[in-house]
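The Ni(2+) binding site feature in TrEMBL is assigned to 76, 87, 89, 95. Summarising the annotation, TrEMBL assigns domain 'Ribbon-helix-helix protein CopG' to 2-43. Residues or ranges marked as domain 'Transcription factor NikR nickel binding C-terminal' by TrEMBL: 53-127.
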Ligand code: NI
């Protein structure tokens with residue numbers, strides 16, 4: 001570990017303290033490390049070849065059988081990237097799926113964005129986690 005010291009204005013320090021308490025961090029260092037990690041992760045996604053794991057989640061109406069079939073076909077046609085998928089019957093009408101895939105960022109982004117752009121898919125969210133050998 002390396003020690004970094006920073007100086008900030010009091011309003012920023014107060015707002016940071018409130019954020020730490022709200023999110024339940026045990027100390028400022030852990031909170032600051034997470035902020036840095038998030039920024040560094042965003043930066044590494046500027047590289048289309050950056051190896052990532054992505055979690056794409058979305059909801060859909062389970063009575064739309066064709067949509068469900070298309071989602072599965074989409075996953076089968078990306079076997080090189082899809083690691084796992086989970087299907088949850090959230091209500092009588094709504095299903096929620098989470099798909100975890102791995103690959104270079106740009107290829108992964110296209111797969112994930114095409115998944116949630118499918119007609120009938122709602123509340124789609126994608127989380128990209130860059131993978132570095134030191135992690
Ligand atoms: Ni279901």
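Glycine residues also receive a Cβ, built from the backbone N, Cα and C atoms like all the rest.
Positions of TrEMBL features highlighted on the structure.
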| residue | record | CB count, 10 Å |
| --- | --- | --- |
| 76 | Ni(2+) binding site | 9 |
| 87 | Ni(2+) binding site | 14 |
| 89 | Ni(2+) binding site | 10 |
| 95 | Ni(2+) binding site | 19 |
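Within its own chain, the domain 'Ribbon-helix-helix protein CopG' (2-43) is flanked in space by residues 128-130, which lie at least six positions past its ends and keep a Cβ under 8 Å from the stretch. Secondary structure at residue 89 (Ni(2+) binding site), taken from DSSP and collapsed to helix, strand or coil, is strand.
On the 0 to 100 pLDDT scale, the domain 'Ribbon-helix-helix protein CopG' (2-43) averages 93 in the predicted structure.
In the three-state DSSP scheme, residue 76 (Ni(2+) binding site) is classed as helix. With DSSP classes pooled into helix, strand and coil, the tally for the domain 'Ribbon-helix-helix protein CopG' (2-43) is 30 helix, 0 strand, 12 coil. A strand conformation is recorded for residue 95 (Ni(2+) binding site) in the three-state DSSP classification.
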